[in-house]
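Colleague: Annotations per TrEMBL:
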- 164-294: domain 'EamA' (DOMAIN)
- 89-107: transmembrane segment (TRANSMEM)
- 138-156: transmembrane segment (TRANSMEM)
- 162-181: transmembrane segment (TRANSMEM)
- 193-217: transmembrane segment (TRANSMEM)
- 223-241: transmembrane segment (TRANSMEM)
- 253-273: transmembrane segment (TRANSMEM)
- 279-299: transmembrane segment (TRANSMEM)
Amino acid sequence: MAFTSCAFRAFKSVHSDGSVSTSQERRHAAGVALALAASVSNQSGASAGALAMGALGAPGVVAVRQVVAALALNAVARPAWRSLDRRTWLLVVALAAVMGTMNLTLFAAIDRIGLGLAVTLEFLGPLSVAVGTSRRVVDCLAALVAAVGVVVLVRPGPASDIVGIAAALVAAAMWASYILLNRALGPRLPGLGGATAATTVLALTWSLPVVVVTLFAGPSWQAVTLAVVCGVLSSAVPYAADLSALRMLPASLFSTLASANPVWAFAVGALVLGQRVEGHEVIGAVLVVVANIVATLRWPRSGPPTP
C-alpha cells in the first residue's frame with residue numbers, strides 16, 4: 001500500500017512537471033512568434049510609409065503615423081495629466097521633440113538610401129546607449145564590430161548619399177536620446193506612460209496640423225490609406241506585440257529577436273519596395289546585428305524601448 005502511494009505521488013509529480021514544462025515551452029514559442037511579428041509588422045509599416053511618401057512627403061507620412069500611434073497608446077495607457085509637475089512636463093516635451101525628429105529623419109533616410117540601410121544605421125542608437133553605459137570589454141568589442149559593419153555597409157565614397165546617411169545617423173542619435181529620456185521619465189510615468197504622453201503632445205502640437213494641411217492638398221485616398229497602414233503596422237501592432245512578448249520571454253531572448261530588425265528591413269525592402277540588396281550590405285548588416293545582440297544582452301527585462 002505504501003509502495004502504491006509513493007508510486008502514485010511520483011507519477012503525479014512527473015506528470016505535473018511535464019505539464020509545466022510544456023506550458024512554458026508554449027509560452028516561449030508564443031513570445032517568439034509575437035516578437036517576430038512585431039519586427040515584420042514594423043518594417044512592413046515602414047514600407048507602406050515609403051510608398052506613400054511620393055504623394056504625402058515624409059512630414060505627411062510621419063504626421064499620420066504619429067496620430068495613429070497616439071490613438072493606440074491612449075487606448076492602453078492614459079497618463080494622469082493633472083498630476084504632472086514642471087520637471088515631468090519638460091521631459092515629456094523633450095521626448096516629443098526627439099520622437100518627431102527621429103521619425104522625420106528616418107523616413108527621409110528611407111526615401112534616399114533604402115529601408116534596409118536606413119534601419120540598420122538607426123540601430124546604432126540603442127547600441128551606442130548599451131556601449132556607453134557599460135564598462136565591459138565585450139561591449140567595446142561590440143562597438144568595434146559595429147563600426148566595421150557600418151563601413152562595410154555604407155562603403156563611403158564619392159557616390160555615397162551623404163544626406164541620406166546623415167539623416168539615418170541623426171535618427172540613431174534621436175533613438176539613443178529617446179531611450180535615455182524614457183529612463184528619466186520611468187519613475188514619473190511608469191510603463192508606457194512616458195511614450196503615451198510624448199506621442200500625444202506631438203500629435204496635438206505638430207501631427208494634427210500637418211495632417212490637416214496635407215489633406216487640404218488633395219492627396220489620393222490610396223496614399224492616405226498607406227500612411228494609416230504605416231501607423232497601424234509600425235506603431236499599434238508592434239507596441240501590443242512587444243508588450244505581450246516581454247511578459248513571455250527572457251530579456252536576453254527578446255533583445256536578440258529585436259536586434260534582428262535590420263534583417264527584416266532588408267527583406268521587406270527587397271520584397272515590397274523592390275530595393276536591391278548588395279552582398280556588402282548583407283555582411284555589414286549582420287555585423288551590426290551581432291554587435292547589437294552582444295551589447296543588449298545585459299539589458300533589464302523591459303528591454304530597449306521601441307519608438
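Keep in mind that glycine also has a Cβ here, set from the backbone N, Cα and C atoms.
Since this is a predicted model, take the numbers as computed values, not measurements.
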Colleague: Hey, which bits of the same chain come close to the transmembrane segment (89-107), Cβ under 8 Å, at least six residues off its ends?
Modeller: 46, 49-50, 53, 58-59, 61-62, 65-66, 118-119, 122, 167-168, 170-171, 174-175, 177-178, 181-182, 184-185, 188-189, 194-195, 197-199, 201-202, 205-207, 307
Colleague: With DSSP as the reference, give the number of residues of the domain 'EamA' (164-294) in helix, strand and coil.
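Modeller: Result for the domain 'EamA' (164-294), in helix, strand, coil order: 111 helix, 0 strand, 20 coil.
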Colleague: What average pLDDT does the predicted model assign to the domain 'EamA' (164-294)?
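Modeller: Looking only at the domain 'EamA' (164-294), pLDDT averages out to 90.
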